[in-house]
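Novice: Before I ask anything, let me first share the structure, which is written out below as structure tokens.
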Amino acid sequence: MPAALHQATDTFGDGPSLGRNRHDPSVSVKVSYTHGYKIFTYTVEGIQGRFVHAVANGRINREWQGPDDMFAALQTEDMGLERRRFNSEKLSGGKDKEIQNTPAKSQVRGQLPSPPNDGPELDVADESGATQKPEADVGDFMTAFSMNYGMPYKFVASGASKPFEDSPWPVQACRSRLNWAQRTFLPDSATGNDEFNEELIFAYMEGQKIEYHDDGEEGLGPRIATLSLGGKAKMYLRMKSKHFVGCSKTGVFTPDRPVPGGVDGKEMDSRRLAAWNELQSLKETDRAAYSRRLKEIPKELGLYGKKGKPGPDLVSVTLNHGDIVLMEGYDIQKYLEHKVVPDAHLRFALTCRVVLENHLKPEERPGYTVGPDTYGYDGGNLL
Ligand SMILES: O=C(O)CCC(=O)C(=O)O
Ligand SMILES: [Fe+2]
């Protein structure tokens with residue numbers, strides 16, 4: 001029997017797989033079912049938006065041109081996957097969405113070697129900075145193999161985007177499935193159902209992962225959807241340090257409205273909120289005093305000594321083959337960050353976004369029009 005079948009989270013049956021999702025008590029979760037998917041919807045107090053994990057099953061994965069067919073085609077058709085070059089925009093932002101190779105455990109604080117990607121120890125390594133990769137230079141190649149379709153997504157790495165019309169069928173089938181998923185799994189939404197106009201394919205080779213980051217780049221719509229194919233992965237969600245602790249790594253009070261769930265509990269939450277309220281009027285009346293207070297408050301509240309401390313994981317989910325993740329709301333990207341650690345098996349992540357065309361400079365716009373989704377996936381075979 002293949003090793004994978006021993007694991008309760010694998011989607012080899014037609015019912016939902018056994019969930020191995022975890023969440024902090026401060027997070028609310030709602031579970032619902034539709035079209036064979038089991039849907040976990042997570043919300044965090046004070047943060048507008050939703051994090052949705054839709055768990056697929058065998059029947060969904062066997063659909064014609066569904067996840068199984070897509071996973072096979074991604075390995076047999078020419079998807080144009082290549083290691084792209086870093087661009088300057090990405091680097092100047094200081095954020096790094098690069099997929100990393102997991103170092104052998106023996107390289108990290110002298111721990112004994114063990115299989116890569118087995119969970120929490122990796123966080124220890126992150127905090128110590130031991131897994132930080134060296135700064136990349138413009139023109140360096142990324143580790144990851146990727147390809148972008150539709151509108152260009154300039155934040156990952158440079159490289160021409162290709163039109164959907166010329167793309168291999170899995171690209172269009174996936175865009176259509178994710179459009180259907182947002183209509184179906186995010187009903188009654190204030191943010192609307194704008195069709196996705198961009199799709200990024202990432203291939204994670206064995207031992208590769210994507211570190212904590214957010215997807216809140218400017219010029220994007222409020223929704224992001226990802227289809228997972230192949231090997232499973234763990235996805236983690238936590239509050240960014242500057243929001244958890246309330247000050248930046250250099251000790252400056254975070255100017256955004258504080259949300260509950262910060263370091264040192266509820267009492268500190270309210271002290272931070274009071275300080276923030278005090279700052280709002282000062283911001284309008286006395287800029288110099290405002291800047292001074294931003295530096296003083298973290299020391300007064302005892303936050304300064306905790307600067308850089310990461311928040312605990314709020315949600316961790318196991319992404320199986322065929323699963324879909326949706327993130328909705330700008331606040332989710334502003335306050336939270338996520339990382340994805342695939343198991344040691346080949347995995348593809350196909351992520352769709354809305355790239356707002358008028359945020360692109362004329363020279364960044366594609367030389368083609370991004371047409372509507374004509375593939376027409378409607379989940380009808382799953383009913
Ligand atoms: O691998 C995934 O599922 C998500 C990757 C991701 O977070 C990203 O591309 O921004
Ligand atoms: Fe992401």
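From the backbone N, Cα and C atoms, a Cβ is placed for every residue, glycine too.
Quick paste from TrEMBL:
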REGION    1-25  region 'Disordered'
COMPBIAS  86-99  compositional bias 'Basic and acidic residues'
REGION    86-136  region 'Disordered'
COMPBIAS  100-109  compositional bias 'Polar residues'
DOMAIN    195-356  domain 'Fe2OG dioxygenase'
BINDING   Y204, H213  2-oxoglutarate binding site
Novice: Counting every protein chain present, what is the number of Cβ atoms, excluding its own, within 10 Å of the Cβ of Y204 (2-oxoglutarate binding site)?
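Specialist: Counting Cβ neighbours of Y204 (2-oxoglutarate binding site) within 10 Å gives 26.
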Novice: I'd like the Cβ neighbour count for H213 (2-oxoglutarate binding site), meaning other Cβ atoms within 10 Å of its Cβ, all protein chains included.
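Specialist: 16, counting other Cβ atoms within 10 Å of H213 (2-oxoglutarate binding site).
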